[in-house]
Amino acid sequence: MGSRLHTREIQNGPPLPYNDDIRAFSKEYAESLDAQDPLHRFRNEFVIPSKEDLKRTTLDPNQEPEHSPTPSLYLCGNSLGLQPQSTRKYIEYYLRAWATKGVTGHFVQHDDQLLPPFVDVDAAGARLMAPIVGAMESEVAVMGTLTTNLHILMASFYQPTQERYKIIIEGKAFPSDHYAVESQIKHHNFDPKDGMVLIEPEDHTRPVLDTEHIIRTIDEHASSTAVILLSAIQYYTGQYFDIKRITAHAQSKGILVGWDCAHAAGNVDLQLHDWNVDFAAWCTYKYLNSGPGGTAALFVHERHGRVNLEQVNSESEPFRPRLSGWWGGDKKTRFLMDNNFIPQPGAAGFQLSNPSVLDMNAVVASLELFKQASMAEIRKKSLHITGYLEHLLLNYPLDTPSEKKPFTIITPSNPAERGAQLSVRLQPGLLDHVLETLEDNAVVIDERKPDVIRVAPAPLYNTYTDVWEFCRIFHEACQKALKARG
């Protein structure tokens, strides 16, 4: 489904023009890469916080600084994406429709509308979201929040028996995923100590999970496992798992496979339909730029979303069991209020309540930009710009060998095994000092205690010059931290 990058680039990354070019360490070289970047124009489609904004203690627009602001270095799209310029317009149009139409806004069309009437906004979100994750439109629903959606999906896909009751998950999964899996196992009266299989790194100095190790874990627990739930991209290390291979192998053992795509959607070129993934869920406030806590999304493969109307009211199951709500019901009968639930086919049949139209406007404002850019082009730039970041981190300054640097990169070096993010592990005792210098220079990244920072150039709004400036400041921060530590 959707567009794909050339196979060689997916496997090995693109040819990097700066590997043997000493000019790559100059700001002019970074600026030349920006001048050639086909996505460079999208930077102007986002609101970049200024250095002054980051220090302000008020939000009153009448107290804006008089002089021209200096943009910050925002490399934190893996945590919270920046606001598209168009978001304000989308929300203003929604507020106007609500103000002028009230309840009739659910059905009234407008000649200049940015979204359909309230009753159909979820369909608009699914239409734009599907190509981003490589899905059919019917396989995607924009709804809920990430952990809520994981529970909704596991309520349907995790149907444990005395023989098959385990869920396999990475040992350092994002805590909310861990809690969700643990509570699902408890909910079905199993003990998580036995029912929860945690995949840990084989080498604790290298916190990534080799595909072969994951495959062996699946084989070891195959006869007793019901579901495997992994992160498409691991939030801490930035590792991009081999979704296609892991999914196929687990399914060959009779295991249902789900993926948390929070750090993958809008970041890498997913093909959830073609990879035969059973189910997936993701948030939209990271690379998809919908705002804090924005409406999330889920994926249900078409084979699981079928509704057999001929079996309704028979002893056979006409559709997959699920937690049900009125917004997942057949649109033709939704407002009859007859309490006879027949779901819409596909992922839409897993919806519970009508979506927040306010939130959906913020989601769609960003998704329209992805439609213009395409995931293939976004991934292509991501491979280049994150490769450039890695090159500068490891090789600048020229007189410092990488083994003598006060940090290591724990994200896989193979571009096919990562997205935009690089996770950088500092030597003990340096993190707070480094963060202080970065903050003083209006560099926005995030940290994971005790010693890791995560840096993620977002292809739609970050530039090669951003990356060059970050590496310069980061080197300075490391030198100051080493002196402060003594």
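A Cβ is built for glycine as well, from the same backbone N, Cα and C atoms used for every other residue.
The annotation region 'Disordered' is assigned in Swiss-Prot to 53-72.
Sequence-distant neighbours of Leu146 (pyridoxal 5'-phosphate binding site) (same chain, 6+ residues apart, CB-CB distance under 8 A): Ser176, Asp260, Ala262, Ala281, Trp282, Cys283, Ala296. Summarising the annotation, Swiss-Prot assigns pyridoxal 5'-phosphate binding site to Leu146, Thr147, Phe174, Pro175, Ser176, Asp177, Ser231, Asp260, His263, Tyr285, Trp326, Asn354 and lists sequence analysis as the type of evidence.
Taken from Swiss-Prot, the feature N6-(pyridoxal phosphate)lysine applies to Lys286. Neighbour list (Lys286 (N6-(pyridoxal phosphate)lysine), Cβ cut-off 8 Å, at least 6 residues apart, same chain): Gly77, Asn78, Ser79, Leu80, Gly81, Ala262, His263, Ala265, Gly266, Asn267.
DSSP gives His263 (pyridoxal 5'-phosphate binding site) a coil state; it is part of no helix or strand. Each of the binding-site residues Ser176, Ser231 was ranked by the number of other C-beta atoms within 10 Å, and first place falls to Ser231. Around the Cβ of His263 (pyridoxal 5'-phosphate binding site), the number of neighbouring Cβ atoms within 10 Å comes to 29.
Phe174 (pyridoxal 5'-phosphate binding site) is surrounded by 18 other CB atoms, counting those within 10 A of its CB over all protein chains shown. Within 10 Å of the C-beta of Trp326 (pyridoxal 5'-phosphate binding site) we count 14 further C-beta atoms, all protein chains included.
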